[in-house]
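As written in Swiss-Prot, here are the features:
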- 7, 8, 9, 29, 60, 117: substrate binding site (BINDING)
- 8-9, 16-21, 45-48, 65-68, 98-103: NADP(+) binding site (BINDING)
- 3-161: domain 'DHFR' (DOMAIN)
């Protein structure tokens, strides 16, 4: 069975983005993201793809979901739906969903794992991670709170579905 992991950095109010960008810069979170996703297929929506500074993400199979039938994501595969994107991952051990908000919302009922960077900020934004229903998710691992090189407090948390 395919392990489906959602990976995200979330503010205290579950904000994940503002104006198609992350509202903070935590180099340690980027390093964790890279280390966790290398060698795995990563699935993202079109807006997330377009916001990436480097496309495709190297060392990973990039799959972009777009309802635009003729959408071209150079260096990536495209899929018309989350289900089609997951079907492209047949044979892989794990698929990592990396956003954005709409894709997280669709994927949450299918996810087996959550890899959340809890950012100790409450920010205004226009993209939010879905609420984590504690009746379905248990905390499997949590790092101590750390302070990033940019001065932002954060923790890495791994949730497993009950």
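Numbers here mean position along the shown chain, with the first residue as 1.
Cβ coordinates are placed from backbone N, Cα and C, and glycine is handled just like the others.
Of all Cα pairs drawn from 7, 8, 9, 29, 60, 117, which the record names as binding substrate, the longest spans 20 Å. Within the same chain, the residues at least 6 positions away from residue 103 (NADP(+) binding site) whose Cβ sits under 8 Å from its Cβ are 43, 44, 45, 48, 65, 82, 97, listed in sequence order. The secondary structure of residue 9 (substrate binding site), as reduced to three states from DSSP, is extended strand. Residue 68 (NADP(+) binding site) falls outside any helix or strand according to DSSP and counts as coil. The binding-site residues listed here are 60, 100; among them, 100 has the most other Cβ atoms within 10 Å of its own Cβ.
Taking the C-alpha positions, the distance from residue 46 (NADP(+) binding site) to residue 9 (substrate binding site) comes to 18 Å. Residue 29 (substrate binding site) counts 20 other C-beta atoms within 10 Å of its own C-beta, drawing on all protein chains shown. Inclusion criterion for the binding-site residues 20, 68, 100: a C-alpha placed within 10 angstroms of the C-alpha of residue 8 (substrate binding site); this criterion is met by 100.
Counted within 10 Å of its Cβ, the other Cβ atoms near residue 7 (substrate binding site) come to 21, all protein chains included. Rounded to a whole number, the distance between the Cα atoms of residue 68 (NADP(+) binding site) and residue 7 (substrate binding site) is 25 Å. Residue 117 (substrate binding site) sits 14 Å from residue 17 (NADP(+) binding site), counting Cα to Cα. Closest by Cα distance to residue 17 (NADP(+) binding site), from the binding-site residues 9, 29, 60, is 9.
DSSP gives residue 100 (NADP(+) binding site) a coil state; it is part of no helix or strand.
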